[in-house]
Amino acid sequence: MYGRRALYSAAQREDVITVGSLLVRGILTFICDQPGKEVHFLHTAVKTESRNTIRTLLTCGLPSFVRAKYGKTPLATAAEAGNVGAVEALIGSAQVDVNAKDVWDRTPLWLAAWNGYAGVVGFLLGRTDVEANSQQSNTDFNGHETPLAIACRCGHASVVQELLADERVDVNSRDDAGFTPIHLSITNSRSDILRLLLSHSFVDPLVPHVSGRTPLHTAAELGNLDAFRQLLGHPNITDPNIPAADNWTPLGLAAWNGREGIVRALVNDGRVNVNGIAGASQTAVFLAAKRMWLRVVKELLEVKGVDVYKRGEEGGVSFAEFVEAGNDSRMKELLAMKLESEGY
């Protein structure tokens, strides 16, 4: 402990003579508790020590390119720890590769974004040679997530702001599952981040993931009402009836999953086709009835013009036929009330 304190104190004072002397005398061997660990001493220092301390240690010969566990460089370790001063000192070294990747292809920028360190992210983005859209390959995450994607998934709004302010960042990047940053903000219920993304001039809110579902479909399926409303109001979304690759519409997904608030939002929007094929070759009201979502069925039956006798594709049954053939008295009552209001 004393040896470490003495070394750091001299380095903080930028006393290169004392630091150099201590290093020559083998103080790192004395400080480190295991043989061979002294080569990774800088990795330990960059987690907590100041810019001056790290700069002095570099000046006195500690290597900045040595890799520790999982292939991390001192810069990666400093970025992951959120130590802006250490990052600044390391960036000033000619030996430092600002885009050096660990065994999972994570760069210092990616690690800083993952851990929510906006100051480090902003400093690294100040480098013209930084890879703003580097993609990691760790299977614990969705493969090929960019710094923006991981920041969105982890809910780091301040980091997202830093990244969106850089014109090099691809706001529509997709990971291995096809998820965009918008998808990730929706699945993690981060309305603040979604708002930031939708305000970006190059964002495309209709980019689908691998199953062909857009962010609007994702929000509808999950019942993320705030996100759904934000998307409905985006100028690029002109038709909320857009079918996914599997022919499910946002209304169909909302009806099938009992998302009453989403159904109401679509109805109030005025552009939804309540009689269209919404999924599984059926209408939305049929899908809701099939899953016994009474409140959703009631919401749809209140829409002027809803056709309870509209059949699905390929000879499917209508909502009215389905209810009449069933035994649920509540559904039958809703149907009877609807037919009475229509004058049947």
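In case you wondered, yes, glycine gets a Cβ from its N, Cα and C as well.
Here's what TrEMBL has on this protein:
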REPEAT    143-176  repeat 'ANK'
REPEAT    177-201  repeat 'ANK'
REPEAT    211-232  repeat 'ANK'
(message) Checking distant contacts: for the repeat 'ANK' (177-201), what same-chain residues at least six beyond its ends satisfy Cβ-Cβ under 8 A?
(response) 142, 148-149, 152-155, 157, 160-161, 164, 171, 207-211, 215, 218-219, 222, 224, 226-227, 230-231, 234
(request) Sort the residues of the repeat 'ANK' (143-176) into helix, strand and coil with DSSP and give the three counts. (result) 16 helix, 0 strand, 18 coil
(request) Could you pull the average pLDDT for the repeat 'ANK' (177-201)? (result) 96
(request) Could you break down the residues of the repeat 'ANK' (211-232) into DSSP helix, strand and coil, giving a count for each? (result) 16 helix, 0 strand, 6 coil
